Structures are given as C-alpha cells and as structure tokens.
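Reviewing the structure listed below.
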Amino acid sequence: MNRSNETSPVMGFILLGLSAHPKLERTFFVLILLMYLVILLGNGVLILVTILDSRLHTPMYFFLGNLSFLDICYTTSSVPLILDSFLTPRKTISFSACAVQMFLSFAMGATECVLLGMMAFDRYVAICNPLRYPVVMSKAAYVPMAASSWAAGITNSVVQTSLAMRLPFCGDSVINHFTCEILAVLKLACADISINVVSMVVANMIFLALPVLFIFVSYVFILATILRIPSAEGRRKAFSTCSAHLTVVVIFYGTILFMYGKPRSKDPLGADKQDLADKLISLFYGVVTPMLNPIIYSLRNKDVKAAVRNLVAQKHLTE
C-alpha cells in the first residue's frame, strides 16, 4: 500500500451531518432557521438598545452587549453551513473554509467562557461591595476586562486551530458532524494527536475549570451576602439580579463541559447512537443556548423593556 497516497494534502472535507436521517434534516432545517432568526432579532435588539439608551451605559449591560455580539458571531459562523448541509446532497467544505469556521466558533466559545466569569465578578462587586461598585467597575476597568476576554479567546483559538489543521488527514475526509468541529476533525488525522489532546486539556482547565471555579466562589460570597439582608424583599431583589446570569452559566457550561470535557481521538463503541446524540447536543449548544440568552438574561429585564419601548416610540415619532 502506498502510504503517500493516504496522507496527500486534503483540499476539502465532506460534512456528514444528518445524511443518515433525511427526515430529521427537513425538520431541523425549519427549526434551526426559526431559531437563528430569533437569535439575530433578540441579540440584535439588545445590542441596539444598550448602545442607544444612555441609561444602559453600565458595566452589566456593556457585558450583555458583548455577550449578544458573541452569540450572533458564533451562530453565524456555523448555522448557515448547517442549514446548507440540510439542503445539499453532497455537503462539502474547502480546507481553508473549514479552518476559518473552526477558528471563529472556537474563538467565540472560549471568549464567552471568560466573559461569563467577568460578569460573575460584576455581580459580586454590585452585591457584596455596592458602595465601591462605581470605583471598582469604572469604564477604565470593565472595558479592558471585556477586551481581555476577546483576546484570550482568540489566542486560544489560534493555537487550537493551527495545531489541528497542520495534521495530515487520511481516508475519505468525511467529518461526522454538521461543521468543522475540532473533535470530529481530529478523528480524521493519521498522525499522533497527543499534542492536540494535551493542548485541549490545558485549554479546558483555563477556559472551563478556572472560570467555573471563579463563578462558584463569587456566588458563595454573593449568597452569603444575600442571606445577611434582613428583609425578605431585599433578599428577593438581590437574588433576582443574579438568577438570570446563573441560569445562563448552568446551560452554557453544562453543555460545553459535556461536549469538550474529555477530548477523544477514536470513535466510541455504539457509534451510530453516540454520534447522533453528540450531534444533537452540539445543536443545542450552538443554537438553543444563544437563543435563550437574551430571553433569560435581558429581554425580561425591566430596564431593557423600557429601553425597547422608548426606541419604538422614537421611531414612530420620526415617521
């Protein structure tokens, strides 16, 4: 057997997606398209009002605007490709496009991990040290905090994507996924992926374990402070400012830890059911979570609702 033929440069990949389940493809095309439109509308409105309404020029809403922009970027890097795969019989993607898509999705995911930790710190200062909040969370502090989140996520994505795409790939170059998901791509490598596994473990520790630990410790102090509030109404109001963030954290980290907690280089036994489950979990993480974020965290917020009403009223007055 000629080994050189097996490891010749790959010009592109075939995305398997749900090819084995054509009925599911039609159903998920409609569902994901509707969810994507909701993501664009919900997050887009949130970004708009946080920019236009001066009352929302606070650290919390600045972080929320970044979160919404992240969700739009993340879904836009993958959802159009997923929708196209549901309609195209032969689902192909070039090598360079695969690398770009992997980079964007990885960068947005890692950035969101760090940003959620920054948002937990914002809530900690607001509840545990309210008198110092304007000083600690000044514009000179929260803007660099958000920028460092982006820088960390992009740097990690550059490392992970470059390590993955430099590998030689064998066989028919079929990615058993909707997109160029890094674990699915690594399964096609015909070389040692030990460095990739080590780098992903380190990245998991930095972008998953450390932010989760930081968020947990922050909420221990937040809970202790809330329990010391004498009135029940005061405790309820204080907790209500954190409940939405906590819900988003549980959904986001719960799903991503399940997906990326243990990098795998080989297919598990019972591949058909396991692969389908992995793909559906990936859809949940990639589409449902960004759709829920503005609903859970922002669009039910009284300040945001008031800002949206003012924006609509101003539009009517100008017409």
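Each Cβ is built from the backbone N, Cα and C atoms, and glycine gets one as well.
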Which range, 122-140, 141-159, does TrEMBL list as transmembrane segment?
141-159
The transmembrane segment (280-299) touching the transmembrane segment (61-83) per 3+ Cβ pairs under 8 Å rule
yes
Please work out the mean pLDDT for the residues of the domain 'G-protein coupled receptors family 1 profile' (42-297).
86
